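Listed in Swiss-Prot for this protein:
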{"type": "ACT_SITE", "residues": "175", "note": "active site, proton acceptor"}
{"type": "BINDING", "residues": "33, 34, 35, 36, 225", "note": "substrate binding site"}
{"type": "BINDING", "residues": "67, 125, 126, 127, 128, 129, 130, 131", "note": "ATP binding site"}
{"type": "BINDING", "residues": "131, 163", "note": "Mg(2+) binding site"}
{"type": "SITE", "residues": "27", "note": "site 'Transition state stabilizer'"}
């Protein structure tokens with residue numbers, strides 16, 4: 001997206017010059033799905049699809065948000081206003097309001113409002129973490145404008161708090177961490193229990209990652225996402241009768257199998273089994289990445305999707321169609337759904353020489369199966385949220 005064009009759009013909506021332009025990336029997750037809130041490991045990376053913000057300070061306390069993706073969509077509120085926006089047309093402002101609220105709780109000096117023109121090139125409802133991108137965009141803008149002594153990990157935690165407490169979605173920290181801590185051409189191997197992390201180059205050689213958007217938007221807060229969190233929580237509590245653990249991510253597969261009888265509920269056993277096995281797959285996958293064993297990485301990615309389908313039950317027809325069609329194509333190492341599920345997106349690791357045929361073939365299979373088109377994007381891995 002052209003910076004000069006963004007500046008012109010800001011001036012057209014605010015009748016003044018902008019101060020700065022910022023970009024906050026969306027993210028993919030190579031493997032480690034629904035493990036972050038279970039104290040497990042994840043392996044995400046920020047992508048070139050994301051959210052742009054053109055910023056200008058005001059001399060009053062008004063915050064004026066203008067969305068370039070919905071023509072004329074403007075939300076205004078006072079910087080002291082900490083009320084959750086209930087109106088569906090204004091709900092997107094909550095991601096900004098939550099960050100403003102929690103930063104002002106901890107840091108003095110955020111004493112004036114601002115104008116912000118926002119435009120995203122993320123596919124709508126794609127599950128590529130536009131909400132976390134917005135939260136981290138707001139965090140970095142406020143840190144920059146008011147010279148706040150806040151580190152990026154703390155901003156990621158505030159973004160998670162915005163989701164959990166302000167929005168009401170019981171998500172983990174992976175999305176915010178990936179958006180703000182990203183490093184070009186690398187994925188982040190993150191322990192969500194300790195927040196220890198390691199950058200691993202996404203060295204795929206003759207292969208690339210292709211993002212496949214179902215174009216069936218997911219709405220996590222209105223879906224079964226919170227139910228999955230609760231089911232895992234109940235399973236953990238039952239396991240704690242015999243095991244000294246704080247999270248499902250502390251278990252290996254054998255220990256879980258030995259003590260799963262304590263759960264005594266088939267659905268909760270399935271949910272917990274995914275959380276445990278997916279964490280183990282993530283550990284093995286990152287080791288395969290270090291070893292340069294891309295075929296093993298691909299097999300683990302496929303197994304991740306199967307677990308998300310059978311044990312976690314968050315895939316659905318669209319995501320299953322994309323994954324299963326991908327598995328049948330030449331030059332594909334692995335494919336799986338990413339994000340919360342219930343729509344959204346999938347990824348595939350595809351040989352570069354087969355990429356165009358892959359998109360054509362999978363696209364046709366998908367359209368024939370569901371009745372509308374999927375969208376395909378090459379995943380370019382970029383730095384985390386920053387001024388541009």
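Each Cβ is built from the backbone N, Cα and C atoms, and glycine gets one as well.
The DSSP secondary structure for residue 130 (ATP binding site) is helix.
Cα to Cα, residue 125 (ATP binding site) and residue 225 (substrate binding site) are separated by 15 Å. The Cβ neighbour count for residue 33 (substrate binding site), using a 10 Å radius over every protein chain in view, is 29. Between residue 34 (substrate binding site) and residue 67 (ATP binding site), the C-alpha separation comes to 30 Å. Put simply, of the recorded positions 27, 35, 163, the one whose Cα is nearest the Cα of residue 130 (ATP binding site) is 27. Among the recorded positions 27, 33, 225, no residue is found with its Cα located within 10 Å of the Cα of residue 131 (ATP binding site). Between the CA atoms of residue 33 (substrate binding site) and residue 128 (ATP binding site) there is a gap of 13 Å. Of the recorded residues, residue 163 (Mg(2+) binding site) and residue 128 (ATP binding site) place their C-alpha atoms 15 Å from one another.
Listed in sequence order, 27, 44, 129, 131, 132, 159 are the same-chain residues at least 6 apart in sequence whose CB falls under 8 Å from the CB of residue 175 (active site, proton acceptor). All protein chains considered, the CB of residue 36 (substrate binding site) has 26 other CB atoms within 10 Å. Here the binding residues for substrate are 33, 34, 35, 36, 225. Their largest Cα to Cα distance works out to 13 Å. The shortest Cα-Cα distance from residue 127 (ATP binding site) to any of the binding-site residues (35, 36, 225) is found for 225.
Between the binding-site residues 67, 129, 131, 129 has the most other Cβ atoms inside 10 Å of its own Cβ, all protein chains included.
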